[in-house]
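Asks: Take a look at what TrEMBL says about it:
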- 40-289: domain 'G-protein coupled receptors family 1 profile' (DOMAIN)
- 24-49: transmembrane segment (TRANSMEM)
- 100-119: transmembrane segment (TRANSMEM)
- 139-157: transmembrane segment (TRANSMEM)
- 193-215: transmembrane segment (TRANSMEM)
- 236-260: transmembrane segment (TRANSMEM)
- 272-291: transmembrane segment (TRANSMEM)
């Protein structure tokens with residue numbers, strides 16, 4: 001008890017929509033998306049592991065990006081699917097914080113993996129003669145390890161701050177997963193410190209990683225434009241364009257949610273943005289990186305022979 005108020009320890013998600021006639025169709029749609037997402041990302045990881053031609057830094061980073069996407073989707077989608085089947089499905093406080101922890105850590109790690117991939121393309125195109133020396137196995141492992149470590153520590157910070165909040169008025173989370181912004185809105189404790197920390201870290205992580213990626217690709221673009229070989233220029237553009245599409249989708253939605261949105265974002269609009277980067281981007285990424293990639297397609301053909 002806190003005064004005369006009972007502290008809440010279980011919550012109900014409002015979900016994407018309250019309309020009962022849409023629950024089954026939405027369950028089927030998102031179940032199909034989840035299956036395709038997992039097959040696409042885990043299949044890409046298996047393909048990279050299986051084919052020796054893909055044992056290069058670029059595909060090592062891509063495999064870890066696929067793993068991060070699979071974790072992001074798996075932290076959110078299963079509970080969302082259960083909500084479609086049972087509208088009264090509850091989630092405990094511990095489960096809620098755990099869900100956010102796994103989501104936040106994988107999403108943050110993805111930001112830094114995208115930076116590593118941009119740096120890899122920068123070295124490959126701007127300094128190809130020293131590529132093997134610079135992008136050593138040790139450096140690749142360091143990039144990946146630091147990405148996951150930052151993700152785990154960043155998530156731990158926010159979850160630690162969540163424990164200072166109490167919930168006593170409403171147990172309805174107006175979202176389809178345990179996102180921290182809707183949690184702040186139902187807290188009986190002033191969440192100003194939490195919101196300030198979330199904003200500062202969102203700005204720092206997103207802006208610093210995004211600038212790093214953009215600077216890398218500006219230098220890559222300059223190097224491509226100086227390339228005399230049409231074939232080499234076409235291959236470089238093809239490789240980099242897939243990465244830039246993925247970066248634009250990922251950072252665009254994250255920036256709107258955590259930096260621009262604040263309290264002015266409509267609840268339904270916020271859910272749609274969240275749906276995009278938690279469900280749709282992990283679905284699209286393996287196809288964005290694979291469909292126009294001749295090395296991946298070649299590895300797939302060799303595997304199916």
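Numbering starts at 1 and runs along the chain as it is shown here.
Even glycines carry a Cβ here, placed using N, Cα and C.
Just tell me what is around each of these and how deep it sits.
Replies: Here the transmembrane segment (100-119) has long-range neighbours at 58, 61-62, 64-65, 68-69, 71-72, 75-76, 140, 143-144, 146-148, 150-152, 154-156, 158-159, 162, 177-180, 205-206, 209, 212-213, 216-217, 243, 246-247, 250, 254, 277-278, meaning same-chain residues at least 6 beyond its ends whose C-beta is under 8 angstroms from one of its own.
Listed as Cβ neighbours of the transmembrane segment (193-215) (distance under 8 Å, sequence separation of 6 or more from its ends, same chain) are residues 108, 111-112, 114-115, 118-119, 154, 157-158, 161-162, 164-165, 180-181, 184, 247, 251, 254-255, 258-259.
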Asks: For the transmembrane segment (139-157), give me same-chain residues lying six or more residues beyond its boundaries with a C-beta closer than 8 angstroms to one of its C-beta atoms, as numbers and ranges.
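Replies: Contacts of the transmembrane segment (139-157) (Cβ under 8 Å, skipping residues fewer than 6 from its ends): 57, 60-61, 64, 100-110, 112-113, 116, 119, 197, 201, 205.
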